[in-house]
């Protein structure tokens, strides 16, 4: 039985191929063109091919230009992104500096307030010694006449008005 099965498989009939119609067989189904019509058709076909080729070349040029513009835009975007990062870093540094300066300003205002209160308390007292041992601060020694003799030493920024 197996042999019969193999034989059946080999006895398979080949498929019929589709045959393309030839020019002669097609000529009977199409109407014939006069020589003037044929030359006009050939010229129209040539013109269409030329126009299609010109359009293709124009599109290729446009694509090349767009690729160059895209590359330039990417480069500019990259430069702007790096510049923006640097500027953001600088802004962060400046914000930190501003915060530090505000804190220093608050501390100086507190010292100033304390010194003003001390100056009000010592309005009638005698100033005995003012010396500038450091560049940034003046040392002021005051003799206070409050229930005996006391000595007080203050440090204040240079240029601080002394009343």
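Glycine is treated like the rest: Cβ placed from N, Cα and C.
What TrEMBL says about a protein is an automatic prediction, not a curated fact.
Range with TrEMBL annotation region 'Disordered', chosen from 1-52, 53-104, is 1-52.
DSSP places the residues of the domain 'BHLH' (36-104) in helix, strand and coil in these numbers: 69 helix, 0 strand, 0 coil.
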